[in-house]
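S.K.: Okay, handing you the structure first.
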Amino acid sequence: MHVTQSSSAITPGQTAELYPGDIKSVLLTAEQIQARIAELGEQIGNDYRELSATTGQDLLLITVLKGAVLFVTDLARAIPVPTQFEFMAVSSYGSSTSSSGVVRILKDLDRDIHGRDVLIVEDVVDSGLTLSWLSRNLTSRNPRSLRVCTLLRKPDAVHANVEIAYVGFDIPNDFVVGYGLDYDERYRDLSYIGTLDPRVYQ
């Protein structure tokens, strides 16, 4: 689903007032996000239902901390097949608004994924550099299958050599926050996704 521009400006009294003046506009409302997650859950369930029945194993959702935590929680409830969670933290950001391309593992998986059907759950794919590295890393651990689901995809992601099976929204190249997405650990608690006023990070 393509989103070409911000859907509305922030007006006084909205939850953006948690951070007065920081949110420039709303890109995706909470209702739009939840409706799309329901669609993704149904699609994923249809794709994995037979595999789950054949292998007798639950679909393993590998979530990249911290931004995707809210997304994977809602997504798992929308997928009509049993799922399990694994968490991994990698970083290529620091406190900037663009990917550095330098990836380091902050937290690795707690279990072996050999022979498992794995779905990587991402919050946003921008340059695709982090996801490309993560996909190679997990592939080397010999899962039965490996696919990617991201809530948001930015234009530059098309240049990454990674197939993304499930995309929530294609969005512009704006720096976005909310619904788990942060800038310097702030704004994750917003129920919607909005664009950050450039004065915050310039």
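Cβ coordinates are placed from backbone N, Cα and C, and glycine is handled just like the others.
Note that this is a predicted model, so its numbers are computed, not measured.
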S.K.: Hey, Swiss-Prot has diphosphate bound by K66, G67. Any idea which of R188, R199 it lists too?
M.R.: R188
S.K.: Report the residues of the chain - excluding K66, G67, R188 - with C-beta within 8 Å of the mean position of the site's C-beta atoms, for the recorded diphosphate site, in sequence order.
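M.R.: Sorted by sequence, the hits are L65, A68, V69, L70, D123, G180, L181, D182, E185.
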S.K.: Between D182 (GMP binding site) and G67 (diphosphate binding site), find the distance joining the two CA atoms and give it rounded to the nearest Å.
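M.R.: If we compare the Cα positions of D182 (GMP binding site) and G67 (diphosphate binding site), the gap is 7 Å.
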S.K.: Just checking: which of G67, K154, F175, V176, R188 have a Cα that is within 10 Å of the Cα of E122 (Mg(2+) binding site), counting only these binding-site residues?
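M.R.: The binding-site residues close to E122 (Mg(2+) binding site) (Cα within 10 Å), listed in sequence order, are G67.
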S.K.: Using Cβ-Cβ distances, find the residues under 8 Å from G67 (diphosphate binding site) that belong to the same chain and are at least 6 apart in sequence, listing them in sequence order.
M.R.: D123, V124, G180, L181, D182, R188
S.K.: Please list, in sequence order, the residues in the chain of V176 (GMP binding site) that are at least six apart in sequence and whose C-beta is under 8 Å away from its C-beta.
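M.R.: Set apart from V176 (GMP binding site) by at least 6 residues yet with Cβ under 8 Å, we have L27, V124, L152, I193, G194, T195, L196.
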